Amino acid sequence: MKPPFQEALGIIQQLKQHGYDAYFVGGAVRDLLLGRPIGDVDIATSALPEDVMAIFPKTIDVGSKHGTVVVVHKGKAYEVTTFKTDGDYEDYRRPESVTFVRSLEEDLKRRDFTMNAIAMDEYGTIIDPFGGREAIRRRIIRTVGEAEKRFREDALRMMRAVRFVSELGFALAPDTEQAIVQNAPLLAHISVERMTMEMEKLLGGPFAARALPLLAETGLNAYLPGLAGKEKQLRLAAAYRWPWLAAREERWALLCHALGVQESRPFLRAWKLPNKVVDEAGAILTALADIPRPEAWTNEQLFSAGLERALSVETVRAAFTGAPPGPWHEKLRRRFASLPIKTKGELAVNGKDVIEWVGKPAGPWVKEALDAIWRAVVNGEVENEKERIYAWLMERNRTREKNC
């Protein structure tokens, strides 16, 4: 048994000692069968939430009404959820109620896809009542039971299906894909925040180039912020090297580029992304527009962007041109290292010095003067030494006065 399961085994053993059934379930079991890195380990049990909280000394009630308790075991947190069935769903988003049951199979039956409806006992024996292992072997994503019913219960499952295409490289089962096409309008009931979580995982998947065209083919794009009418662009995005991107702002910048978004800020805000992501993606796009080729960076542009942003710009450019970014990254690193200063804080002078030298009250002119100074230093027009900058600034001011 793999270490992540061994570390949680004590929880299952204690539940069993108290007379309850308990199994590993969900994505961790799926990823074990796929040979992928195992993430969070979840446990399903016949014990009621209050039983779980009575058995374990350290628990956190994160949703006992819906059956889930976090058990802290050997310093790690594990979600332990009571076997349950879902009642009727409201607004295509969540069940109105849940019913706790004693059957593992009944619990697995409510899950979204067969590959996620697999359990494993304490000895490593796989319990697979819905053909999840066969779906994994065939590399297909298929719903548990009737696809239309699953998607009408929670419309976000349609986005999850396409997200799993991106993460795993699987294909949608024909009946599953057809049900998404038929029920795509239900996505309008889902909050932007939930859609954004799935979209970010989709963009970060190693097979994003397969998943993005699927948004167009299934019609889901019509109900996603800013993607309506972008079928052609989403299909063309299949040619981009999405796995080359490591940062979320790079992925959103490339999506804007792929879609031909003219104003990135309204588009990104519609996804309710953090301001930092909106600003950084916008800055990357602005640099791409201002700097048409990797070799076109000026010293001023490189200094203003900073090394990390400059590397991101060239990573995004590489993703849509197909030229590996490594050589240009190395050149930019060398160029940045050769700059006499790397930040404005490294200037040998400050605003107080400039005011004292010029003898004028503080005002907007001080920033203009400091900007002129750092540009001159970065371009090698003056050394970053106080006396030399003083002489350069005085000469600049005399020249400007003559020309007035």
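Each residue, glycine too, has its Cβ placed from N, Cα and C.
Owing to the predicted nature of the structure, the values given are computational and were not obtained by experimental measurement.
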Listed in Swiss-Prot for the CTP site shared with G27, R30, D154, R157, R160, R163, one of R102, R111: R111
Spatial neighbour of D42 (Mg(2+) binding site) that is closest, considering only the recorded positions R111, E153, R157, R163 and their CA atoms: R111
Separation of alpha carbons, R160 (ATP binding site) and E153 (site 'Involved in nucleotide selection') (Å): 13
Between D40 (Mg(2+) binding site) and R111 (ATP binding site): CA-CA distance (Å): 17
D112 (site 'May assist in discriminating ATP from CTP'), number of other Cβ atoms within 10 Å: 20
Extent of the ATP binding site in Å [max Cα distance among G27, R30, R111, D154, R157, R160, R163]: 21
